[in-house]
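As written in TrEMBL, here are the features:
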- 20-39: transmembrane segment (TRANSMEM)
- 51-71: transmembrane segment (TRANSMEM)
- 91-111: transmembrane segment (TRANSMEM)
- 177-196: transmembrane segment (TRANSMEM)
- 202-225: transmembrane segment (TRANSMEM)
- 246-271: transmembrane segment (TRANSMEM)
Amino acid sequence: LSDGVYPFYVQQRKPFVFDVSTIIVIIVFLTFTSSFLLIIPGIRGRARLYWMLRVLFSLVVGVVIIAVQFTGDWESGWVTANTSYKSFSSAMVNADIGLHISLAGVNVTLVGKPVNQVNETISYNEHFAWSFGADYDHSYNEGLEKGLPSPILYVAEKFTTQSPCNVHRQYRISSHYASVTLWVAFCTWLISNMLFSMPVLVYGGYMILVTGAFMIISLLSFSTVRNSLMCPIHFGTTSLLTGYGGSFWLTLVIGLLCFVAGITTVALHYFNSDLLKTFFDLHEDRIEDCQEMTEVYINPQFMRNAP
């Protein structure tokens, strides 16, 4: 304490769902979408609808693959409890305590109910990184030096390397490989777009299948942490329980959609290639090319002089 007042420190204002990186990714893809919507009126007939479906689906897949790398709700949980506020203080507060796990670390939130209690505004959101190149224990020790509220330190301590819970290594490695496989999925997504722009549609279908496969593999990698016994996080008689969050389920949905799109493309290639070419605006082009090749220009003077 400094003159009976808790020391002031700059909080790590990292949102538990969105951060600056996520917003930048969304803005970039919205720019691509807006540009496409500006040129789509120039496309005639049913091809306009087909183009819109293809481009929007591709953009959704791309933005999800990148955005979930930075979101903070792969696993999350909330609990409302009456708990002690800070060390060496008998003050009790009623607050919502949240745990949000991402591929890069942990966010712990503490929001008072009401927000203003014990002459303070209780609204904390602290990020503790465990990605390669980051030192989780160092971030935790900094929190101790700053004098973070006890509930935040209690939750964050469960994920330190010295914790008896022994989940730090499992979460760190699983999250790392989940992130790597998602970047591979992004690369295969780029390749599939290039293949779909050429008359090799079946290979584009195979590549979108590979994209979906890597997205599912990333989920399997992250879900391996559920095999570890999670230490109970108790606040009095209540417990903080976590479950898969929005980013996990969104990745699953997009991965399954990639499987559906890939299987449909490959099946149409073998059973109804004309419909597939029409959807990708290749069938009409081929017909026009054939018509141009069959046109013959005859020189009348040559015909009169011919024997």
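Numbers run from 1 along the shown chain.
From the backbone N, Cα and C atoms, a Cβ is placed for every residue, glycine too.
TrEMBL labels come from automatic prediction, so no person has curated them.
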Does the transmembrane segment (177-196) make contact with the transmembrane segment (51-71) through 3 or more Cβ pairs under 8 Å, each pair 6 or more apart in sequence?
yes
Residues from the same chain, set at least six apart from the ends of the transmembrane segment (91-111), whose C-beta lies under 8 A from its own:
14-17, 68-85, 117-118, 122-131, 134, 136, 149, 151-152, 155-156, 159, 171, 175-176, 178-179, 222, 233, 235, 240, 242, 245, 247
